[in-house]
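To start, the structure under review is shown below, and the notes come after it.
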């Protein structure tokens, strides 16, 4: 792809998200989402492979359906209230339709089936954009309307997402599908708490962005697309392979890594809301995700010994992102000490 075309598409992605984040009018927010969708489609199809074309088609159809539902729900709301303001979603019918539309856009269960298939047909960089940047605009709209959304519907979708996200990743060998199911499970934790404490949902989103970005960048550096390639990562970069184990434990939510922080605070908030049984179910469903993260750590550390390769070729990657990856790894592992500060901000 031409550098000029690539820069234009990346600029359009940024503009679409910023337009949605800064808008107070539903039509402007919808326009930002459409710019976002149309900008990423050419990035998906730049590989000129049938799987990439299939992924782009599936993504376009699901996002177009979600956009139509958003426009439909906001039009009904404007017809009933006489306002297009984002914060004014008072009628239950358009609110439920909007919740379902944003769930389709984000890939929350039971509207998650497109996400693993779409990610599997793309290269790692586009998967990174789709798993991180493309979540910002729909999640911002969900946070803006969180005080008016149906709490029971959000809780049901959150529980379903964490269970399906953990269950679906158990039998996978492809890293992109594993990261897709990981994304579904993390989104479940975010929408669980979004009605009760939107600031915790925002914290969870920020930590999810850091962990997912560091994981995808490490997979790009090691050129690992499945568990077999991951098992020989020791032979390429032992330090990076060890760091990936820490990031995997953070994704699973083990203390003292950063991934434990949002889960702990969300479960604490749920118990304050007298939802003890739901907290227990969410904690047990997190064990499903933790299992396949531990399985990946086992694959990295114990399947292949850390010895010198007999190959005459030197396995070295280009040194782009050399400074970005260490920063993200440090943030993935060491955000627990700032917990008292974050609690004071609440």
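Start at 1 and count along the chain as shown; that gives each residue its number.
The backbone N, Cα and C atoms fix where each Cβ goes, glycine too.
On a predicted model such as this, the values are computed, not experimentally measured, just so you know.
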Among 274-294, 295-315, indicate the range for which TrEMBL gives the feature transmembrane segment.
274-294
Tally Cβ pairs under 8 Å between the transmembrane segment (234-254) and each listed stretch (56-76, 96-115, 274-294), then give the stretch with the top tally.
274-294
Between 56-76, 153-171, 178-197, 203-222, who has the most Cβ pairs under 8 Å to the transmembrane segment (274-294)?
153-171
Between the transmembrane segment (178-197) and the transmembrane segment (96-115), are there three or more CB pairs that fall under 8 A, provided the residues in each pair are separated by 6 or more in sequence?
yes
Spatial neighbours of the transmembrane segment (153-171) far in sequence, C-beta under 8 Å, 6+ residues away:
96, 99, 103, 108-110, 112, 116, 177-178, 181-189, 191-192, 194-195, 275, 278, 281-282, 285-289, 291-292
Grab the same-chain neighbours of the transmembrane segment (26-44) for me: Cβ-Cβ under 8 Å, and only residues 6 or more beyond its ends, written as numbers and ranges.
1, 5-6, 9-10, 12-13, 15-20, 52, 55-56, 59-60, 63-64, 67, 70-71, 74, 77-78, 84-86, 105, 121-122, 126, 129-130, 134, 137-138, 141
